[in-house]
Amino acid sequence: MKALAKLKKQPGIWMIDDAPIPEYGYNDVLIKIKKTAICGTDLHIYNWDKWSQNTIPVPMITGHEFAGEVVAKGDGVTSVDIGDRVSGEGHLVCGQCRNCRAGKRHLCRKTIGIGVNVQGAFAEYLVMPAVNVFKIPDSISDDIASTFDPMGNAIHTALSFNLTGEDVLITGAGPIGLMAVKIARFCGARRIVITDINEYRLQMARDFGATVALNVAPFKNQDELVKQMRKVMSDIGMTEGFDIGLEMSGINSAISMMLDVMNHGGKLSLLGISAGDISVDWGAILFKGLTLKGIYGREMFETWYLMTSMLQAGMDMNPIITHRLHIDEFQKGFEIMKSGQCGKVILDWSS
């Protein structure tokens, strides 16, 4: 089968035509891939950064955001049928630890990821345990379903705390941050402010309903950044700090600024992964009585039900997809992702 694989311990990703079709077991399904989306994780693997060097076995078929069709299944599978349109949870869990048995599978200590630790979705076929498969409702397109993984991250982050009527600060306007703008607006947030240094994506955030999308690139230090943020808050009629913070950047200066402008009793969901250690004002956390929640992946499968229900109720995520390419143009897709001048990039695996 055709697949995209990390074949060498250097930057790049390569197309192969002779990858074996994976074998499925008693409780597995075989999925024919129709659409995949390029994730920031895939870009890290492409660039072969320090995280990738320490994490990714080579060779490895990568990718974990997908939509496809079930074409075969093991004898033990009763939850899906051949012909079903599906996406799937890319975190594979043990099912036996305390968290798994308590229904908190997203907190499994033994989690492994498709396209990271085991064969991924950038291939014509993917094998996945049936318990990880999620049926796509007829009203949702394959393109949108292929973005369920990052959309689920955004849902989990944004809906960890009640957004309705609240003032929300989002740091980081990558695709997940942009999705969070859509979610916060759909759920009735009062004011939504988002920060980033990428003007293309900040304009997308404005189009998605952000009250203010602030380009923080011009500010030379933390004091200037906080001063400008307080001006923004005043300009839009805020008399207190932000109620909810959604941290999507993993950038120390963004996190420090967020802590500075949160209201007393504010709540923060932290999704952004830092490349190094983070230094924060511990006193601000204590004396403001802030609540911080780390976010990893999606709640299985409450997050999935929430996002499909919200899409069916009218939340429009189609504008997050800015580029659609055939799989033979995958190099162009990765170049677009590296440029940052995009939302989600979809790869079509049809013949």
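Note that Cβ sites are derived from N, Cα and C of the backbone, with glycine treated the same way.
As the structure is a computational prediction, the values presented were derived from the model and not from experiment.
The annotation Zn(2+) 1 binding site is assigned in Swiss-Prot to C39, H64, E65. What Swiss-Prot lists as active site, charge relay system is T41, H44. Taken from Swiss-Prot, the feature Zn(2+) 2 binding site applies to C94, C97, C100, C108. As annotated by Swiss-Prot, NAD(+) binding site applies to I176, D196, R201, L271, G272, I273, I295, Y296, with the evidence given as sequence analysis.
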Cβ-Cβ under 8 Å from I273 (NAD(+) binding site), same chain, 6 or more residues apart: which ones?
G250
Least buried by Cβ count (within 10 Å) of the binding-site residues E65, D196
D196
Quick check on the binding-site residues: of C39, C108, L271, whose CB has the lowest count of neighbouring CB atoms inside 10 Å?
C108
Express in Å, rounded to the nearest integer, the largest CA to CA distance found among the NAD(+)-binding residues I176, D196, R201, L271, G272, I273, I295, Y296 named in the record.
23
Which site among C94, C97, C100, I176, I295 has the most other CB atoms no more than 10 Å from its CB, taking these as binding-site residues?
I176
In chain order, residues whose C-beta lies under 8 angstroms from the C-beta of G272 (NAD(+) binding site), counting only those at least six residues away in the same chain, are T171, G172, E247, M248, S249, G250, I251, A254, I255
At the Cα level, what's the spacing in Å between I176 (NAD(+) binding site) and H44 (active site, charge relay system), rounded?
16
Can you tell me which binding-site residues out of C97, C108, D196, R201, I295, Y296 are within 10 A of T41 (active site, charge relay system) by Cα, answering none if there aren't any?
none
For H64 (Zn(2+) 1 binding site), nearby residues of its own chain (Cβ under 8 Å, 6 or more apart in sequence):
C39, T41, D42, G90, G113, I114, G115, V116, G120, A121, D149
Other residues near the Zn(2+) 1 site, CB within 8 A of the CB centroid of C39, H64, E65?
T36, A37, I38, T41, D42, G63, F66, G90, G115, G120, A121, D149, P150
